[in-house]
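The next block holds one structure in the form of structure tokens; read it before the comments.
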């Protein structure tokens, strides 16, 4: 990868993780809307936002080319399921007072990224990277052994998003066209659920306040912009390098949870956080050292 692509990847990764870091504040504004309904709005409005974006940028030719490759279309169905599951779990966690565990999941994610990079992409581990991954695993095992609890939400978020990044990197499609097809795969299910199954005080948009409907529609922008940045970064950077930036998002989430939303980390969570933070410190120092050697 050339220097220009790398610079673009870095900027896109920074933008993606910053927006994701402050995204919980948006979902807290609509905490009274069920998580599954918010997910359907994310899918529906993201699809229409992508249609508008592709129309403005005149990139429908790329969509036509993509539609001629059935293998990529079906792989995008897999990535759609992965990202849809990740979205649902994240929304539920934030609006059910598990923002700290959500942040833990995204602290773990860069370490899962380098693990998947080694297993599926042939990327080699350096010694310090091995140490970082081992410490992260130890943190989860200590929580399980000592406190009898397992960070299910954190692990679910970490692995679903890591596999999503891996699949998108293997498909190697342009960010916007890939996002359009992913939301197109999810659109029928989302529409059937929202308009045919969901029955809550907020599920009927015609009866909602205009302010609520605008917030629900904004889910498309909140979802699409950082995801486009991420998928753009994933095609320009090594998966292990991409993991380097992900501490930005969970750090912002952690600060939001503790400072603004009154979540207090228990002893079990703090043990795991401590291991993960040490692992990330080692990972970052190793990355900086390696970069300087180059």
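Even glycines carry a Cβ here, placed using N, Cα and C.
Sequence annotations record features per position, and here Swiss-Prot assigns topological domain 'Cytoplasmic' to 1-11 (among others) based on sequence analysis. When pLDDT values are averaged over the topological domain 'Cytoplasmic' (1-11), the model yields 81.
Positions annotated as transmembrane segment by Swiss-Prot, on the basis of sequence analysis: 12-34 (among others). Here the transmembrane segment (12-34) has Cβ contacts under 8 Å with residues 91, 94-95, 99, 102, 106, 198, 200, 202-203, 212, 215-216, 218-219, 222, 225-227, 229-230, 232-233, 236-237, 242, 245-246, 248-253, 256-257, 260-261 of the same chain, all six or more residues outside its ends.
Residues or ranges marked as domain 'EamA' by Swiss-Prot: 18-145.
As annotated by Swiss-Prot, transmembrane segment applies to 38-60 (among others).
For 61-72 (among others), the entry in Swiss-Prot reads topological domain 'Cytoplasmic'.
Marked as transmembrane segment by Swiss-Prot: 73-95 (among others).
Listed by sequence, the residues of this chain that lie at least six past the ends of the topological domain 'Periplasmic' (96-99) yet keep a Cβ under 8 A from its Cβ atoms are 24, 35, 153, 253, 256-257, 261, 263. Positions annotated as topological domain 'Periplasmic' by Swiss-Prot, on the basis of sequence analysis: 96-99 (among others).
What Swiss-Prot records for 100-122 (among others) is transmembrane segment.
What Swiss-Prot records for 123-128 (among others) is topological domain 'Cytoplasmic'.
Feature annotation from Swiss-Prot assigns transmembrane segment to 129-146 (among others); the stated evidence is sequence analysis.
Taken from Swiss-Prot, the feature transmembrane segment applies to 150-167 (among others), supported by sequence analysis.
Away from its own ends, the topological domain 'Cytoplasmic' (168-179) comes close to residues 46, 50, 53-54, 57, 59, 62-63, 66, 72, 75-76, 79, 120-121, 224, 227-229, 231-232, 234-235, 239 of its chain (Cβ-Cβ under 8 Å, at least six residues beyond either end). Residues annotated as topological domain 'Cytoplasmic' in Swiss-Prot, with sequence analysis given as evidence: 168-179 (among others).
Same-chain neighbours of the transmembrane segment (180-197): 36-37, 39-41, 43-44, 46-47, 50-51, 54, 63, 66, 73, 76-77, 79-81, 83-84, 173, 203, counting only residues six or more beyond its ends whose CB sits under 8 Å from a CB of the stretch. Here Swiss-Prot flags 180-197 (among others) as transmembrane segment, drawing on sequence analysis.
Across the topological domain 'Periplasmic' (198-211), DSSP helix (H, G, I), strand (E, B) and coil residues number 5 helix, 0 strand, 9 coil. If you look up Swiss-Prot, you'll see 198-211 (among others) marked as topological domain 'Periplasmic'.
Remote same-chain residues near the transmembrane segment (212-234) are listed as 8-10, 12-13, 15-17, 19-20, 23, 26, 29-30, 33, 38, 41-42, 44-50, 53, 83, 87, 165, 168-169, 175-176, 178-179, 202, 205, 242, 245 (criterion: CB distance under 8 Å, separation of at least six residues from the stretch ends). Per Swiss-Prot, transmembrane segment is recorded for 212-234 (among others).
Counting residues 6+ beyond its ends, the topological domain 'Cytoplasmic' (235-238) has Cβ neighbours under 8 Å at 1, 5-6, 8-10, 12-13, 117, 123, 168-169, 172, 174-175 in the same chain. Residues annotated as topological domain 'Cytoplasmic' in Swiss-Prot, with sequence analysis given as evidence: 235-238 (among others).
For the transmembrane segment (239-261), the partner stretch with the highest count of Cβ pairs under 8 angstroms, out of 100-122, 129-146, 271-290, is 100-122. Counting Cβ pairs under 8 Å to the transmembrane segment (129-146), the top-ranked stretch among 38-60, 73-95, 100-122, 271-290 is 271-290. Same-chain residues lying 6+ beyond the ends of the topological domain 'Periplasmic' (262-270) with a Cβ under 8 Å from its Cβ atoms: 97, 99-101, 104, 143, 146-147, 149, 151.
Sequence-distant contacts of the topological domain 'Cytoplasmic' (1-11), counting only residues of its own chain at least 6 positions beyond either end whose CB sits under 8 Å from a CB of the stretch, comprise 232-233, 235-238, 241-242, 245.
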